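Straight from Swiss-Prot, the features:
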- C41-C96: disulfide bond (DISULFID)
- C139-C189: disulfide bond (DISULFID)
- C235-C287: disulfide bond (DISULFID)
- C329-C395: disulfide bond (DISULFID)
- C436-C489: disulfide bond (DISULFID)
- 20-111: domain 'Ig-like C2-type 1' (DOMAIN)
- 116-205: domain 'Ig-like C2-type 2' (DOMAIN)
- 212-301: domain 'Ig-like C2-type 3' (DOMAIN)
- 308-413: domain 'Ig-like C2-type 4' (DOMAIN)
- 416-501: domain 'Ig-like C2-type 5' (DOMAIN)
- 509-608: domain 'Fibronectin type-III 1' (DOMAIN)
- 611-706: domain 'Fibronectin type-III 2' (DOMAIN)
- N222: N-linked glycosylation site (CARBOHYD)
- N315: N-linked glycosylation site (CARBOHYD)
- N347: N-linked glycosylation site (CARBOHYD)
- N433: N-linked glycosylation site (CARBOHYD)
- N459: N-linked glycosylation site (CARBOHYD)
- N488: N-linked glycosylation site (CARBOHYD)
- S780: phosphoserine (MOD_RES)
- S784: phosphoserine (MOD_RES)
- 1-19: signal peptide (SIGNAL)
- 20-718: topological domain 'Extracellular' (TOPO_DOM)
- 719-739: transmembrane segment (TRANSMEM)
Amino acid sequence: MLQTKDLIWTLFFLGTAVSLQVDIVPSQGEISVGESKFFLCQVAGDAKDKDISWFSPNGEKLTPNQQRISVVWNDDSSSTLTIYNANIDDAGIYKCVVTGEDGSESEATVNVKIFQKLMFKNAPTPQEFREGEDAVIVCDVVSSLPPTIIWKHKGRDVILKKDVRFIVLSNNYLQIRGIKKTDEGTYRCEGRILARGEINFKDIQVIVNVPPTIQARQNIVNATANLGQSVTLVCDAEGFPEPTMSWTKDGEQIEQEEDDEKYIFSDDSSQLTIKKVDKNDEAEYICIAENKAGEQDATIHLKVFAKPKITYVENQTAMELEEQVTLTCEASGDPIPSITWRTSTRNISSEEKASWTRPEKQETLDGHMVVRSHARVSSLTLKSIQYTDAGEYICTASNTIGQDSQSMYLEVQYAPKLQGPVAVYTWEGNQVNITCEVFAYPSATISWFRDGQLLPSSNYSNIKIYNTPSASYLEVTPDSENDFGNYNCTAVNRIGQESLEFILVQADTPSSPSIDQVEPYSSTAQVQFDEPEATGGVPILKYKAEWRAVGEEVWHSKWYDAKEASMEGIVTIVGLKPETTYAVRLAALNGKGLGEISAASEFKTQPVQGEPSAPKLEGQMGEDGNSIKVNLIKQDDGGSPIRHYLVRYRALSSEWKPEIRLPSGSDHVMLKSLDWNAEYEVYVVAENQQGKSKAAHFVFRTSAQPTAIPANGSPTSGLSTGAIVGILIVIFVLLLVVVDITCYFLNKCGLFMCIAVNLCGKAGPGAKGKDMEEGKAAFSKDESKEPIVEVRTEEERTPNHDGGKHTEPNETTPLTEPEKGPVEAKPECQETETKPAPAEVKTVPNDATQTKENESKA
C-alpha cells in the first residue's frame, strides 16, 4: 500500500516538472587544483516567480557573493555557480534547485571532480654542489595520482648510463656520488601520469663548485734592503667560481689603501708588490684563495738581506813603545758580515797566522797584531807600538750581498828619527845638498851644526838651509878644503830629540872602465866593458870611446850616454874599414871630470861579408788612426854602403801593395790611407851592391773607424766632395794646357809640339842640332836603355868601406838595375813618369851614365 502511494506522488511531481525543466551546463566538470570554473543552471518552463538555489555537496545552501564559491542569479531563468581556485575539498555533487510559486521544485546536479595536476613543488634551479661530495638533486612533484619520475642528462636517461654513481632515491631525488666538474650541466626532472597521459618536466641547472687550489711560485723569496728595490710575491690560484685572493703578513691582513706607496696588488690580487724593501719587510706572507667551495692558502717567506754597513769606528792615539792599543770596528748586515783588516801596504787578515782560534782570535806570526772577532764586532790590537804603526787602518765588512769599508787612523807620537845618505860627494865650486830626512810626531824643529856652531852663520856664507815637512836640506857650495867635513842635523820635538852626522867628501874623477871583449864586424864593432870600480862618489854621466887604425896617430872618438851603455855594458863603434886592425879604449865621465882612460884593446875587423843586416823596425801610429810611421834603424851594412831599402806591406789575407823603394839615407817610411781596424804586416829589405838582407818583419793593427760627424747639419750647405774634386781636376787640366802651349812657343817641345811634328810635318827640336844633354833623356848605350833617375835625400852618404875605388852614392846614382830589359825611347814626346814614393824621382842628363858604369864595375 505504501509503495503505491509513493508511486502516485512521483508521477505527480513528474507531471508538474514537465512545466519546470532544469539543466546545468556543463553537465559534469573536472577542475585542476588551483584552477577556476563556472556552471550555468538554466530553467525552462512557464512558471513565474521561480526561486533558483545552489547546494554544496554537504547539502548546505550556497549564498550569493561569496569570494571563492560564488552564486550569481543572472535572471528569472538562470543562475551561475563559480568555483575559484579549486581545492580537493571542493569536490562533490552540486545541486541546482528551482522552486515554483506554487511550491513545486525541480533540480539538476553536476558532479564536480577536483584533481591535482602534475606540478613541481620544490625543484630549484640552479642547484650548486662542491666537487667530490655526494650531490642530491632535489625535485618534488605533486599530483593526484602517483607520478613516474625520469631523470635525463644531455638527452639520455641517467640510469641508462650505467654509471653507478647515479642513483634515483626513493623520494625520486637524483643522487650523484662524488660529483665531478664534468658532471656539471642541465638535468631534466620529468614526471608522467599514465592514467591521464599527463607529462611535465623541469630543467635544473647543476653547478659543480671546485674548491680553490693555490700555489706560491716561490716559497722563499730573497731581497736586498735599502737599495730602493721592489719585490713581487706571486701566488697562482685555481677553482670555480674564480677564487678571490687576500694576503696576510705575520697573521695580519694586508689592506691596500689609497695612496699606498708600500703595497700594490694586481687586478686579481694574485701578486703583491712590496716597494722600497727594507729589513722590516722580512716576514711570513700568506696568500689566501677563497670561493663558495672553500678556501686554501700558501705561505711565502720573504728573506731580506742587507749589505754590510760599518756602524762604528774610532780613531786612536798612542805613544811609541806603549804596551798596546786596540782599534774597534762594528758592522751590520744580513747575513752577518765577516770583518777584515788591512792597511795601505798590507792585508792583515790574509796574512799567515801564528795562531787561529776560530772564530774569535787570529794572531800574526810576529805576535805584533791580534784580530778578535765576535758576531758583528771585530777588534785589531797592536802590541809594542812602533812609529811605523801609525797611519790609516781600513775595516771591511763583507757578506754575500756586498761590502762596506771605513777608515780609522792610529796616531803614534814618537821622538824624531833621522835618515839620509851619510856621505855626500862634491867638489870645489859644485853646489850640493845634504839631505836630512825627519820622521817625527808631533813635528820636530830641525837645526844644522858645524863644529858645534849653529848654521847658517856669518862664518859660512856659502851655506843655505831649505826645510820641508819631511826633510831639511843643507845646500853647500865648497870654496876650499875647509868646507869638507862633518855636518850635524838635530831634530827636537816634545817627545825627544835625535842627531845625525853627515860627511861632505871631496869627489874624484872615476877610474877607467875595463874592456872585456870586442866583437868586430866588417864596418862596426861591439865593445863589452865593465863599469869603473870607483865612480869618484858621483854618478857617471857618459862614456867616451876612442879608436884608431894601427899605425895611425889620430884617435876617433864618440860619447855614449851612461844609462843606455850601462844597461847592456856594450858600446858600438861604427865607420870602420873591413880587414883592418884597430885599437880601442874607454874612459868614464862624471861631474868632476873625465876619468882615467883604459888600456887599449886591439881587434881586427872582418872582411866584407856581402849582404847587409836587416834593419830594425819600430812603428808609431798616426793620429788619424789609419796611418803609421815605420822607423828604419840601420844595422850592419855588410861592409858595403846600403844603396836603398825595399818596402812591401799588405793587410793580412790581402794582396801585396806595390813595392816602395827608399834611398839609403831614409830613416822612416810613412804608410797612409790604410784600411780601418785591419792587421797589417810590413817587410823591409836593405840592399847593397853585394845583395839583399833578410827581410825585417813588423806587424801592427789600425784603429777602428771613427764615427763621422758632419760639420754642418744642413744638406745643402757648401760644395760636396765630388764637386770640389771635379773643380780641382778642371783647374789642373787647364794649367797643363797653358804650360804645354807655353812650352810649344818658347822651347818647341811638349804635347802640342809632338802633334805638330807627327801630323803637320814640322821640324822637331833635333833639327836645330841640339845634343843629347839639352832635350832628351839620357840612356846608357852599352848597358841599359832605361832613363837614369836621381833620389834627393837630406842625409849624407857614408864613406866606402871596402877600400876600393867605388864611387859613393850621390845625387846621380841610378836606382835602376842594369840587368833589366831595355826600354825603347820616344824622343818625339818625352814624358817623365812619376811614381808615388817617399823619395822624389826625376830624369837626369846622360852624363850620369858613367857614374853608374863605374859603380857597376865595382
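From the backbone N, Cα and C atoms, a Cβ is placed for every residue, glycine too.
The C-beta environment of N433 (N-linked glycosylation site), restricted to residues of the same chain at least 6 apart in sequence and closer than 8 Å, consists of V424, Y473, L474, E475, V476.
Residues of the same chain lying 6 or more positions beyond the ends of the transmembrane segment (719-739) and with a Cβ under 8 Å from any Cβ of it are 750. Put simply, N488 is the one of the recorded positions C41, C139, C329, N347, N488 whose Cα lies nearest to the Cα of C436 (disulfide bond). Taking the Cα of C287 (disulfide bond) as the reference point, the closest of the recorded positions C96, C189, N315, N347 is C189. Comparing the Cα of C489 (disulfide bond) with the Cα of every entry in C41, C329, N347, N459, these being the recorded positions, the smallest distance points to N459. Here C395 (disulfide bond) comes close to I310, V313, L327, C329, A331, I339, T340, W341, S378, L380, S405, Q406, S407, M408: these same-chain residues lie at least six apart in sequence, with C-beta atoms under 8 angstroms from its C-beta. When the alpha carbons of N459 (N-linked glycosylation site) and N315 (N-linked glycosylation site) are compared, the span between them is 49 angstrom.
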